[in-house]
Structure formats: structure tokens, C-alpha cells
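Please read the structure below before turning to the comments.
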Amino acid sequence: MGQSPYSKDFPVTWEELHRNSRALSWRLLELGPWKGIIAITRGGLVPAAILARELDIRLIDTVCVTSYGVNDEGDAAMHQGELNILKSVEGDGEGFLLVDDLVDTGKTARCVREMLPKAHFVTLYAKPAGRPLVDTYAMEVSQDTWIRFPWDMEYTFSTPLADRTNNPG
Ligand SMILES: O=P(O)(O)OC[C@H]1O[C@H](OP(=O)(O)OP(=O)(O)O)[C@H](O)[C@@H]1O
Ligand SMILES: O=c1[nH]c(=O)c2nc[nH]c2[nH]1
Ligand SMILES: [Mg+2]
């Protein structure tokens, strides 16, 4: 454990995620046609489903990845260790969209791009450290921002800013 480099929280609603996925679809429609989609599990699965619907793509495969020892954003930030590839895809990815929810440090992207160098790599969100690895993305967020996806959240009480212990004011 160490101090987290994430000082900002960026919650994303289902509606925003859907809207950003559709914005991405518009750009990808112009760049196609595409043979199919390869989703990077698990975060790439939801954007992949929306892109598949908008671009009328039926051929969908997965690269299945786990990061060791990541259990919250602090650990994730400090964890620069190995990725474990549970399942890959044959070929070099030519003509395919390779989809993930976000690129942060670029560790996942680097690894998967090496496996599928000719795929067109797309993410919904891109932080500066990983952005050069992405071919097309919907939105940029700063490196010190932790994105909260709707599937990771529940509707609950929000502590007023003034009452938070780390309140800088
Ligand atoms: O650019 P990086 O620093 O590699 O971070 C980005 C990756 O981290 C998250 O996946 P995670 O490994 O947390 O697993 P998940 O998709 O199963 O939630 C996210 O979905 C990206 O795949
Ligand atoms: O939910 C997440 N939000 C993030 O900002 C992030 N960066 C790496 N992995 C992440 N997972
Ligand atoms: Mg992921």
C-alpha cells in the first residue's frame, strides 16, 4: 500500500456511459467496416455490447485478463505487477475493434496491443499516461482522477463535502 495518486473522483452514470459509447460509435462507423469486436474483460464488456449494437457487429470475442492483488484504487495505483492472460485470440487483430472501458497507466493496453498489434484499440476514457496507446477514445480525464463505473456503484448516502475528513477547505 502507499498513497493513492488519485485525488479526484469521477462518477459515471449509465446514461453518461451510454452517451459516450454512442459518441464513440459515430467515430468508429466512419473508420469501418469492422470484422468484429474483441472485448477486454471485464471492463470492456459493457462498451463492447453498446458498440456492437450501434455498428451492427455480431462477431464478438474476448481477451480475458486479470491483474494480481488489486483490491481497491490505492492498491491498483501502486500495483505495477503482472497481468495474467486467461484467454487470448488468434491472429494479429487486423480489422477488429479492441475495446476496453479505459486506459490509465497503459499497462493493460500495452500487453494486449502486443498480442493483437493490428487491432484498432478503443476506450471510452483515456488518462494521459495511456492515451498514446489508444487509437480512438470518447473522453479524456486527468491522471489523478479515479473513474467510478456504474456497475461498481450503488445508490447511497453522500457525506456533505464540508463534513469529509480530508476536506481541504
Ligand atoms: O491502464 P491500466 O493501468 O492497465 O488500467 C486500465 C485497466 O484497469 C481496469 O481493469 P482491471 O484490471 O481493474 O479489471 P476489470 O476490467 O476486470 O475491472 C480497466 O478496465 C482497464 O482494463
Ligand atoms: O474503475 C476504475 N477506475 C479507474 O479510474 C481505473 N484506473 C485503472 N483501473 C481503474 N478502474
Ligand atoms: Mg479492465
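Note that Cβ sites are derived from N, Cα and C of the backbone, with glycine treated the same way.
Copied over from TrEMBL:
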BINDING   ARG42, GLY43, ASP100, ASP101, LEU102, VAL103, ASP104, THR105, GLY106, LYS107, THR108  5-phospho-alpha-D-ribose 1-diphosphate binding site
BINDING   ASP101  Mg(2+) binding site
BINDING   ASP104, ILE147  xanthine binding site
BINDING   ASP104, THR105, GLY106, LYS107, THR108, TRP146, ILE147  GMP binding site
BINDING   ASP104, ILE147  guanine binding site
DOMAIN    14-156  domain 'Phosphoribosyltransferase'
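Shown on the structure are the features that TrEMBL records.
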residue	record	CB count, 10 Å
ARG42	5-phospho-alpha-D-ribose 1-diphosphate binding site	14
ASP101	Mg(2+) binding site	22
LEU102	5-phospho-alpha-D-ribose 1-diphosphate binding site	23
ASP104	5-phospho-alpha-D-ribose 1-diphosphate binding site	23
THR105	GMP binding site	16
GLY106	5-phospho-alpha-D-ribose 1-diphosphate binding site	18
LYS107	GMP binding site	18
THR108	5-phospho-alpha-D-ribose 1-diphosphate binding site	22
TRP146	GMP binding site	20
ILE147	xanthine binding site	21
*Between LEU102 (5-phospho-alpha-D-ribose 1-diphosphate binding site) and TRP146 (GMP binding site), what C-alpha distance do you get in Å?*
11
_Considering Cα atoms only, can you say which of ASP101, TRP146, ILE147 is the nearest neighbour of THR108 (5-phospho-alpha-D-ribose 1-diphosphate binding site) among these binding-site residues?_
ASP101
*asked:* To the nearest Å, how far is the Cα of GLY106 (5-phospho-alpha-D-ribose 1-diphosphate binding site) from the Cα of TRP146 (GMP binding site)?
replied: 15
*Any idea what the Cα distance is from TRP146 (GMP binding site) over to ASP104 (5-phospho-alpha-D-ribose 1-diphosphate binding site), rounded to a whole Å?*
9
*Proximal residue to ARG42 (5-phospho-alpha-D-ribose 1-diphosphate binding site) among binding-site residues ASP101, THR105, LYS107, ILE147 (C-alpha distance)*: ASP101
*Whole-number Å only: compute the distance from the Cα of ASP104 (5-phospho-alpha-D-ribose 1-diphosphate binding site) to the Cα of ILE147 (xanthine binding site).*
10
*Mean pLDDT, the domain 'Phosphoribosyltransferase' (14-156)?*
93
*asked:* Just to verify a number: CA distance, ASP100 (5-phospho-alpha-D-ribose 1-diphosphate binding site) to LYS107 (GMP binding site), in angstrom, no decimals.
replied: 12
_Cβ packing number for ASP100 (5-phospho-alpha-D-ribose 1-diphosphate binding site), 10 Å threshold_ = 29
_Filtering LYS107, TRP146, ILE147 (binding-site residues) by proximity to ligand 1: which pass a Cβ cutoff of under 6 Å to any of its atoms?_
LYS107
_binding-site residues near ligand 2 among ASP100, THR105, GLY106, LYS107, TRP146 (Cβ under 6 Å)_ = TRP146
*What's the longest C-alpha separation between any two of ARG42, GLY43, ASP100, ASP101, LEU102, VAL103, ASP104, THR105, GLY106, LYS107, THR108, the listed 5-phospho-alpha-D-ribose 1-diphosphate-binding residues, in angstrom?*
17
